[in-house]
């Protein structure tokens, strides 16, 4: 009888150990995903604008794609509104987490242009993104697409309003130990959170995100904050976050000087609302005016809602930054951020898109 009880206890212990290990290993799979649904350390995308040439057959849903396992841009065979697109595959993890109602998984979705908006509010940062994580790891998606994504209850879709202009974004997989730093960066960016779930198990380490989730933040917000982050596979990133009290152009006044490099910037340029190229400080900032896709194909920055910058070709420090803010006077009054890397693949990919840029007058 005693032996049977011991055997039963051992079987139970092994079963619990297996389930525990399975839970941890299963939890570790939250990550950026490629179009095959496989985990990748990071990816970046460039959604192409819908151009007026009807003969091209372009829908405004085509995109370029690059990840940690590839060397250069490739044009995806998927469309951005497809669940098999890189965003569809990655966000599938959000819908699974939402359906499971797990207390071990958290998410936070934010956008200054929320889906189905009633009134646009300038109270919050000009910043768009999504985080999904557990106590092992997760991902941070930073993008420029207004009204994206829909709330989890509605599943994956891409907004019709996101077709006309170009859009950009980057997804990075992070271990959980990076989320405390991300938590502080988000406080400064002051995102407009429209869907979130952060169980109490995370509240001890992550102070600000639960407050942002409930819009109850009482923390003092610094004017700006810079932090170093490391992806799950060791890729280094710098994240610049500015609040609405830092009343200056984030590119010229801070990023170029801190990175010690001349920057070529691609942001949404509305006529008579853009800042001119700036050579008044030691490190200069130039506006990109056109993006080339091939020898015979290009589009104007006026058709581009993407937000990125790179070091000028031939300079020592080769940086690429992707983020939230435009080079326009009113954006000095908005909070937001950029994540930057010296990854050579990413730099080469974006550098190859520059057709020409505006010199200083």
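Using N, Cα and C of the backbone, Cβ positions are placed for all residues, glycine too.
Sequence annotations record features per position, and here Swiss-Prot assigns signal peptide to 1-27. According to Swiss-Prot, the feature N-linked glycosylation site maps to 81, 103, 119, 278, an assignment based on sequence analysis.
Rounded to a whole value, the Cα-Cα separation of residue 278 (N-linked glycosylation site) and residue 81 (N-linked glycosylation site) is 38 Å. Figure note: comparing Cβ neighbours within 10 Å for the glycosylation sites 103, 278, the maximum is reached by 278. Residue 81 (N-linked glycosylation site) sits 30 Å from residue 103 (N-linked glycosylation site), taking the C-alpha atoms as the reference points. Secondary structure at residue 103 (N-linked glycosylation site), taken from DSSP and collapsed to helix, strand or coil, is coil.
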